[in-house]
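These notes are about the structure you will find just below.
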Amino acid sequence: MRLRTTTKSTALVAVAALALTLSACGGASSAGGGEDSKEFTYWSMYKEDEPRAKVIKDAVAAFTKETGIKVELVFQGREVLNKLQPTLVGGNVAADLVDQSQFKIRDTLAATGNARDLSGVLDAKVTGESKTVGETVPKAYQDLVKDKDGQTYLIPTNVQTWQVFFNKKQLPDVAANPPKTFDEFIALLDKRKAAGKAPLALDGDILAYVDQWVSTLMIRELGAGNWKKVLEDKSGAGFDKPEVLKAAQNAEKIGKGKYFVDGWDASKFPAIQQKWAQNKADFLFMGTWGPSETGEIAGKDFEYGSFPFPKTAGGHDSEQASLYGYGIPKKAKNGGAAEKFIQFFLGKKWMDRLATEEKSITVRADVPAVKELQGPQKALQDAGAIHVSQDGAEGMSDWETKITQPLSKKLISGQISAADYVAELKKSTVNWWKANG
Amino acid sequence: MSTASAEVRESGTALQPSRALPDPAVTPPGAVIDVPVKKNDKRSDAPTSPLQRGRRKLFVPFVGPAFFLYAVAIVAPTLFTVVLSFSKWAGSGPIEWVGFDNYKRLWYDDVFASSFGNTLLILFGVGFGTFLLSFFFTTVLREMAGRKFVRAVIFFPNAVSALAISILWGFLFQADGLINKVMGALGLDAPPRWLADDNLFYVICIGLIWINTGFYTTILMAAVDRIPITLYEAADLEGANAWQKFRHVTLPMMWDAVAVSATLWVISAIKIFEFIYVFAGAAGSTPTTKAWTLSLYAYAEAFQPTGVARFGASAAATVVTLVLIVLLIVLTRRVTRRESLEF
């Protein structure tokens, strides 16, 4: 019967189509070595008009000239790993080398078993220099970029940290004598407020910036590595520690003090940091990208100064490091050639250019940062310990967006008390672990 | 409304009840009609004329390619999404099967509940506002001079990219924005904090009404334009006022367009994404969870600012959204079903 055959064949087509789609997700897996390749593909997180892109382009050209290895360079922008991800499934991974933040490379490559172990690069010499990559990149950073099996998934090139920024010309006293303790800091804020100034700036619509206040206070009170333990304790018992309440009370002081400039919680980024750059607020607790983001607005009369987030009663002085650098997919066909480029790019010449042109803090101690970032660079070198964002609690990303960030905002805007914050955070986190553990 | 077309087709075909006889109203003239055949009636199965035989031969070559594309591009991914919703998968690496865990998590997740609530608020609240305004404009514009120009002006927000609009709205509504400056100049001491977490979603709703009114006004106006003017003249002679003319002439005569618009609205309302994402979220970060809808929820599950992507959880949220769309469309079609008037 005509009708039935039609149905049958359409069903066949549907099944075939489905099979096709599903099989595309299986794919062969062959670990590529490609030690002697004469070419590789490099996908960058930068856009072509960024200062970093120019440095990369020049480095690639010089690398090809020196080694004869051709580089197919594509500036993919910040979504680079989201674009790479589908190609990790089959046998044809689209790029041999990617640059991104430590977390992005960890979550897309290392956590899914798709990262090439770069320990070998650490042992290799930086191109044209006597030291190895491992001797050039500080040990503290090397420890941060190892996965659970001890394999290195990232070779960092530059680092960002958080500092309290201000205008030296407006606040020469602070430049000469920055607050060392949290109490001194609060006293300073009170003084500025009494003088009719808005002491603090914060773009409240970026919840990660809001939460940075609270998590920094937690790590200051508990010490690096211990906030992570509190968060990863599924019973929630860690929240009962007195240090947690103490840190929350410090955050409450910020909230109840009403230090933030008017409109901070009802504006669109970057409105408030621009206000700060126009001297309408005194201090901005921000990543070291702050000066380049606000430079145009701040103008010539603004001299950037900064100090590390003050120590609290806990006495811990660790600094936060957000690392950026190179990762190689495990299945990359030309991974060997890509590794050679990493060795090349870590050379002093290129790191110097990153420092001056991109204004980044490079991982090399012998490359000074630009003037406004020499403080943060020194803070990182002097820090008693290094921690990463949210103290490195892993696999809790949706906990961050759904639980801690909204709560931190309530605390920092003075809507809830420290005790309520801790109780609510404990309850929600325990529930979160029940659903996600 | 660029996003609606594919799903319209999808839900249209999926929801077409299997009728014993094709509905003449929906079958275009000249279409081949496959009449179900009784088993014992062998003769009626055989084509009655050479023309019909030829047509039947062409059925597969004509429908086949389209069906294949449809199956590959829409049906297969949809099925794959359903399969994926029972797994834990980072987009690459091993797939771990977790049964109903993803759905269980949705059930316990307060943010999912509030996203669901926000979606319903858009669907019904914004939908009510949009259609009320659209009917209003339709009635007013019908007799207005310069209506084409006005129509273009109302349609304008729909033609501009949602991204551009949401950035513009950000500047208008922020604490030091134009709107508060104007309100301040008018003597208001404490203008509202539009973009504060608690108010943000309502501002989004107003924005959505503003964007969508033009689109639906245009569809409805096209239907109204076809109504013979004599009907209005007759109504005038009988002393009908504007409301009576709308209620007894305009509305019944454009009902088909209303039904289509309602269906389009249901589909697009549930999927609204970019306006909220750009307007409420800053610099590529996810907006406050208070402004999330189901589509934002699904996106945020898959593409988290940090952390391993969770395609399984995202797929589960998407499946729930799909079921919601299907249910609501069945409902909309039922509610708006009327006999179409021939004129």
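Yeah, the Cβs are placed from backbone N, Cα and C, and that goes for glycine too.
Just so you know, TrEMBL annotations never went through curation; they're auto-generated.
Taken straight from TrEMBL:
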type     : residues  : note
COMPBIAS : B:36-45   : compositional bias 'Basic and acidic residues'
DOMAIN   : B:116-332 : domain 'ABC transmembrane type-1'
REGION   : B:1-51    : region 'Disordered'
TRANSMEM : B:58-84   : transmembrane segment
TRANSMEM : B:120-141 : transmembrane segment
TRANSMEM : B:153-173 : transmembrane segment
TRANSMEM : B:200-224 : transmembrane segment
TRANSMEM : B:257-280 : transmembrane segment
TRANSMEM : B:311-331 : transmembrane segment
Same-chain Cβ contacts of the transmembrane segment (B:200-224) under 8 Å, 6 or more residues past its ends? 1, 118, 121-122, 125-126, 129-131, 133-135, 137-138, 141-142, 151, 154-158, 162, 165-166, 169, 173, 194, 250, 253-254, 256-258, 260-261, 264-265, 268, 272, 275-276, 279-280, 287-288, 290-291
Top stretch by Cβ pairs under 8 Å to the transmembrane segment (B:257-280) (candidates B:58-84, B:120-141, B:311-331) is B:120-141
Are there residues at least 6 beyond the ends of the transmembrane segment (B:120-141) whose Cβ is under 8 Å from a Cβ of it, and what are they? 147, 150-151, 154, 201, 205, 208-209, 212-213, 216-217, 220-221, 224, 242, 245-246, 250, 254, 261-262, 265-266, 269-270, 272, 293, 328
